[in-house]
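First the structure, in the form of structure tokens, and then the observations on it.
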């Protein structure tokens, strides 16, 4: 005989119940057949002979009813009824099966069934949306990769590589006439006399124009040649650089840099000119040929 | 014999440790003692003879940890000395020969020893040229389309990622940053195509730090998935220049040698407009080294025709290619052209794919 009150008195109030979870305000019941999840006199599956629940398995809802006659055989105690997938039909099924059962259990069963169907719908909706895939990282592998990256960075010597590439491009003339460094190209033309000479010849023509004015000077005053040419070049080069300066402020529009750059350019220009001066000697020879 | 020797040596060591360099006047060990105390003399030809270990001797067989440690240190010192001696000898020989000396040996590096990849592209390869004339990037390289980039993130980006996206948008001209509101990429892509974007860049984030990038070329182009590491934002750069201007930067692509590397190079090149504005003097570099692609953004200035100064602006990061997929983004049914398989690269340290 099942004495519900006695059972409840023991497990609910006095002694230990392994399914009971006590919190500060409330008690919960962890029994999987519990209909509400709370630890109450009316919700305890152990302390009620007449008891029913709804449980869900892989998207299928079942109505479980306790048959107290089989209390001695706990494995066979619960009877399972498969509920229809249609919500209304399932509710009717619950009503049919739990006819003449206490109001409380019928009501709670229906409530539980509603909740379950709602969360099943949500699961189906979520699976259609984007699912984030978590990829586990192995600490060892990550550390190894990090180390490899550091070594690769050292081996890369990025700054040097970039500078080399830029200078290569300058030599090949991808920048056109923006930068006026004709000397190197001039040397190349003298040494190799390759295809590069086509671009260099333009530069040579520019120099010719300059020379035309000065050639007379050179011929006449050979003693003061260096001084005169030097001073002349100073002025000419500065004019050129000034022209460049005027172009660039309009084009780039970055104001902070311009005056600095101009100063740099001018100083460097002066420096370059001295070398230029020395290189000018071969010019007459090439022109002769 | 061995035991006795060890014992004596041990004694000397302990005595040294107590900072009393007693010169023990034991004739058989005298030279050895000198060599121990006067470590600065590299060439002490007699000393190694004294301490030359019998051939079957191994440091690891000594059970006493302290003694073992001492013997090991001594072994190391001996080896170092020998190494220095060899070096000196070589240098002497080289000086003696003068001009006739054989050329200096080039040290082995991983780049030197790299396993030859059969997909390395030969510059004159016609097949590759033909492929590139008809692949997805041909539209860009034939100047039919201008690049337009959409930058977005994964869900709920944190501050660092957002800032990174913004800085990327300043580096790449004609780039737009959009907030990802939990949209599915497969739905985003047709909309992008409709609005004329050529690239979709998605920065993936993990633990408040960007760690992945999906770069999808839009009309029907390949999708590349990268692992992003070492992201440095502009604030964290030392000695950086002012913010980048609106000019189109030049692009430098280094070391993309294999067929896969080639397609990667084209992928990166197509991000930027065809004609760089040299007035801006800005350059974006993608440098491949051992399968890591380093991105840098600099401003350069030519001081003279032999020297150029560069100043780093802009963010920097490194990429590692994880997979290259043929169509637009479709992780389930996409056809993968190449996938990083770790065990392939673990076999040989000198094998690289890019």
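Backbone N, Cα and C define each Cβ position, glycine as well.
Unlike curated entries, TrEMBL annotations are predicted automatically.
The annotation compositional bias 'Basic and acidic residues' is assigned in TrEMBL to B:1-12, B:27-47, B:93-108. Sequence annotations record features per position, and here TrEMBL assigns compositional bias 'Basic residues' to B:13-26, B:77-92. Summarising the annotation, TrEMBL assigns domain 'Brix' to B:147-330. Per TrEMBL, region 'Disordered' is recorded for B:1-60, B:77-115.
Across the compositional bias 'Basic and acidic residues' (B:93-108), the DSSP tally of helix, strand and coil residues reads 8 helix, 0 strand, 8 coil. Helix first, then strand, then coil: DSSP counts for the compositional bias 'Basic residues' (B:77-92) stand at 16 helix, 0 strand, 0 coil.
Averaged over the domain 'Brix' (B:147-330), the predicted model has a pLDDT of 91.
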